[in-house]
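**Q** One structure, as structure tokens, below. Some questions next.
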Amino acid sequence: MARPGSGLLVPMNGVGYPPQNLARVVVWEWLNEHGRWRPYSAAVCHHIENVLKGDARGSVVLGQVDAQLSPYIIDLQSMHQFRQDTGTMRPVQRNFYEPSSAPGKGVVWEWENDNGSWTPYDMEICVTIQNAYEKQHPWLDLTSLGFCYLIDFNSMSQTNRQSQRKRRLRRRMDLAYPLIMGSIPKSQSWPVGASSGQPCSCQQCILVNSTRAASNAILASQRRKLYGGTAGNSGAPGTVGGVRQSNTFAGTSLWSPTSGSSGANHNNISVGGGQSKAEQVQSPLSSANFPCSPVMPSLSSSHGHHALTINGQNNLNRPGTQRISMGTTRGAIPPGVPALPVKNLTGSGPVHPALAGMTGILMCAAGLPVCLTRAPKPILHPPPINKSDMKPVPGINGMRRKTKKKHLKRGKNPEDVVRRYTEKIKVVPDEDCTICMERLAMSSGYEGILQHKGIKPELVGKLGKCGHMYHLLCLVAMYNNGNKDGSLQCPTCKTIYGEKTGTQPPGKMEYHVIPHSLPGYSECKTIRIVYDIPAGIQTNEHPNPGKKFSARGFPRHCYLPDNEKGRRVLKLLIMAWDRRLIFTIGTSSTTGESDTVVWNEIHHKTEFGSNLTGHGYPDPNYLDNVLTELSAQGVGEDNLKD
């Protein structure tokens, strides 16, 4: 039975939007590669707000407030975070919350990862957990928010409803997030490509971005039904007081529950897994808002509650979207009812789960029948292949590359590197150094913090290729925060000087041709790449030197078409491997595990015979996209020898 009071919608200003003349708490967030907005700490947000007050088009050096963020700079004009040592760019946004919410009180909810360290929840989830905690609920079901977890406040634990694995969680007090008054500006947030400044066109990113328009359409549909059909009767049972919308909805905004009267109806979706006991999932969808009776398999009424029972699995397993599933089996679909194959707990469908779910809700809201069915599983690997059938890739010597410890040497003199790529400026222009935020005519902001023989804090240099100017001491500081590999990357235009290398741990890369074709490339065979990196100990170039790092999911298999362009991409991937740019050690955005081997901003296709997850074929733009990503890492086609 669903926990009382867990399925309520919070009314805001009567129309689902926050008032524009009240105090709001500001939380700055960055977008990870899986489309989830991750919050910066309160201290970092205060620092960003202080810089924003002085110069809304300037840059924010995050290392000035948090040493662990020393490689990162936020460009307020383009609303992007730039990592100086890898060149990685990520969108950022400025989000707003109620002063009485968790960020306004300085409350942080965290869960314990495999390494025993603590990872904070997304801010929207943190707010939801804190609301339930303050109302003294014994537990909280996060299923309706896109996560199959049960929060138990008595034991302070998080339980995975599928695997039954438990993790500890904790509530700690921190600095409250900054508070602002007056009109709230419209936030900016948009994903971009690796170096062009244009939206990324890979299938993974397109699927994330595609949810935004559908989500806004759902909210608009709710408001029409809410205020068009229930005007003057807002207190009637079965109606909802309002719809909460985040100021910067980007496909991951969570709809918080709110309370009406004690006798208000709740709409519970019961999701069963085969013959197992049904689970009650609280949903903020009211029968007054979504008249779905034409497609409901069974409806029951008890004590003022309406329950929708589904005998299959929850077909929509995607964060930040509402779940609703119609139909039990393929045979039960009435003639003429459109069937949308969507992602389920054991497989994936060709329609993006969030988009399919939203389409289903919109059709249901319009009174149209719809049935979301289970889709086929993705084909991750080719049929079994004999070793004798694996052939060398034409035009490429060998079938294996290794990264050994002898490749990991560093030791370039920072002063020599900076002087090699810059020329001194005699007449200094009246503009800012975007690294330290001081005027170029003034001394570097690193004066007194960093001292180098022969480089005075007032010296200014111009980078040779792009012509951007900085304090020489600032460039030395930026170089020291990177890999110290003899290369520089302009923090403004991302132009690379020298040969950029990464922090990829030792491992091996194998590549060969297999006698099978990829979807969309039936005229040629397939190049298979196998990456294998073992777990080990982090070195001085990694986040936590001396600490163990894990390597999950290895060996990892990736695929390219065996044609001229595919072989060209392979040559560049081999070059990127030799420069240690394919992987790095960091925190997994999928599992939240820290100190583990993760991909380093170069997309790979890991699905062989389908494209149900967005990581497979056909994808006509993939080869061009990965060439662009490689070029952004300094591995361009001009590096290839004829």
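Here the Cβ of each residue, glycine as well, is placed from N, Cα and C on the backbone.
From a predicted model like this one, the values you see are computed outputs, not experimental measurements.
Annotated domain 'WWE' per TrEMBL: 14-94, 95-171, in sequence order. According to TrEMBL, the feature region 'Disordered' maps to 255-287, 382-413. Look at TrEMBL and you will find 255-270, 277-287 tagged as compositional bias 'Polar residues'. Positions annotated as compositional bias 'Basic residues' by TrEMBL: 399-411. Look at TrEMBL and you will find 433-494 tagged as domain 'RING-type'.
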**Q** Could you count the residues of the domain 'WWE' (14-94) that DSSP puts in helix, in strand and in coil?
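**A** DSSP classes over the domain 'WWE' (14-94) add up to 19 helix, 28 strand, 34 coil.
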**Q** What counts of helix, strand and coil residues does DSSP assign across the domain 'WWE' (95-171)?
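**A** So the domain 'WWE' (95-171) is made up of 19 helix, 29 strand, 29 coil.
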**Q** Please spell out the DSSP helix, strand and coil residue counts for the domain 'RING-type' (433-494).
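**A** DSSP classes over the domain 'RING-type' (433-494) add up to 9 helix, 12 strand, 41 coil.
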**Q** Which value does the mean pLDDT take for the domain 'WWE' (95-171) in this predicted structure?
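**A** A mean pLDDT of 90 is what the predicted model shows over the domain 'WWE' (95-171).
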